[in-house]
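Chemist: To start, I am sharing the structure in question, which I have written as structure tokens.
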């Protein structure tokens, strides 16, 4: 790679890529809230607009496992969700962290080229992904659709992906709060939880027509049943529909994550160049935030997708069956693994199922905790947040750890950061497992990603003085 500047290859494309100009002055917090709301509204509208030209299908969704974490909605303009942005960002984070590409983030020109390269790669990924979706028959047999409709579908998907990329850039450049990726994922999850709690629609699961929303059903049962005790028991324990026990579990997981967000180790630091009061460098328990569970979910989802596709093509192959055997569940069109490696990577659907197969439950718990800890400890090395990277930042900013020699900063940070990263990753995994086993209204991964994102917005508001930071 010596002498080769990968980023320079991107320069010719710069004039042709749409870009959000950075604000010339600081954007007021109220305006940031407004732009964030506008961005969110556009995302929600796009999630409800169906793709023009598709043949509706009730077949099992091979991408079912990825939709939640990628803010994707099947058959809509948000079919690709944030997949191109996330994939491009992680690839370039890996390339930059491992120094496979030469980039100096201290130089404005390099930062701009790096961002342009990410955007270009995201557009290329969206084009490739859209083409694969159409040609593999996700929206109907290509021969039946015709060349014109196939091209139109690809155009819609790529254009929608470009809009999402620009919405994310709008927030990242300082017009809004946080990032589009976190906002869209959290919104998708919160929308799912809200619907399961308050849905006014009625369904029949063999017990007569019932309200789908847990709270709506609870109120309805209290007002229509003479035996209030039985009404409450039914509202908390009803099967195949959201119930109040799941809602209470969801609230408890939310509270636990928010509580654990406050756990941190404060390292006292001071300037090595001038006298002054001590500051602190906080190392949070969730040092890598929700990234470990996001990566674990991505790994699991991709294995599920590959396993399901292979099983459909080669259902009798021994190696394919070892990876996973798939079958439907009663009352559901979606396929689920019933044996093989994929089966042990899938969380039990409830506590009853977990107790019925304790071997699977133990393997699943060990898998999630172990993978989250490894991902968390590994990510700090390639994301610029390792002890060596932080010690380098201290040196550049003229900071030293109070009561320690300047040269011992790395040793002190190495003692704390990797432990916090690994333990924090395992804790995130444990919360996710608890949520899955106790049967919350969303997956453990989804709830954790939503809470950490919402808490991040709370911290932004506290920093601006809009809420009490001590809450």
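Heads up, the Cβ atoms here are built off N, Cα and C, so glycines get one too.
Copied straight from Swiss-Prot:
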TOPO_DOM  1-33  topological domain 'Cytoplasmic'
TRANSMEM  34-54  transmembrane segment
TOPO_DOM  55-76  topological domain 'Lumenal'
TRANSMEM  77-97  transmembrane segment
TOPO_DOM  98-119  topological domain 'Cytoplasmic'
TRANSMEM  120-140  transmembrane segment
TOPO_DOM  141-146  topological domain 'Lumenal'
TRANSMEM  147-167  transmembrane segment
TOPO_DOM  168-246  topological domain 'Cytoplasmic'
TRANSMEM  247-267  transmembrane segment
TOPO_DOM  268-361  topological domain 'Lumenal'
TRANSMEM  362-382  transmembrane segment
TOPO_DOM  383-415  topological domain 'Cytoplasmic'
TRANSMEM  416-434  transmembrane segment
TOPO_DOM  435-440  topological domain 'Lumenal'
TRANSMEM  441-458  transmembrane segment
TOPO_DOM  459-471  topological domain 'Cytoplasmic'
Chemist: Restricting to the same chain and to residues at least six past its boundaries, which positions have a Cβ under 8 Å from a Cβ of the topological domain 'Lumenal' (435-440)?
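Modeler: Same-chain contacts beyond the flanks: 245-246, 249-250, 253, 347-351, 354, 361, 447-448.
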Chemist: Are the transmembrane segment (416-434) and the transmembrane segment (147-167) close enough to be called in contact, which here means at least 3 C-beta pairs under 8 A that are separated by 6 or more residues?
Modeler: no
Chemist: Take the C-beta pairs under 8 A between the transmembrane segment (34-54) and each of 120-140, 147-167, 247-267. Which stretch has the highest count?
Modeler: 147-167
Chemist: Flag the pair the transmembrane segment (247-267) / the transmembrane segment (441-458) as in contact if three or more Cβ pairs fall under 8 Å (sequence separation 6 or more).
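Modeler: Output yes: the transmembrane segment (247-267) sits against the transmembrane segment (441-458).
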Chemist: On the DSSP side of things, how many residues of the topological domain 'Cytoplasmic' (383-415) fall into helix, strand and coil, could you say?
Modeler: 21 helix, 3 strand, 9 coil
Chemist: Express the predicted model's confidence over the topological domain 'Lumenal' (268-361) as a mean pLDDT, rounded to an integer.
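Modeler: Reported value for the topological domain 'Lumenal' (268-361) is a mean pLDDT of 84.
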Chemist: Using DSSP, what is the helix/strand/coil residue split across the topological domain 'Lumenal' (268-361)?
Modeler: 44 helix, 19 strand, 31 coil
Chemist: Which sequence positions outside the topological domain 'Lumenal' (141-146), separated from its termini by at least 6 residues, show Cβ-Cβ distances below 8 Å to it?
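Modeler: Here the qualifying positions are 53, 55, 134-135, 153.
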Chemist: Provide the three-state DSSP residue tally for the topological domain 'Lumenal' (435-440): helix first, then strand, then coil.
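Modeler: Across the topological domain 'Lumenal' (435-440), DSSP assigns the residues as follows: 4 helix, 0 strand, 2 coil.
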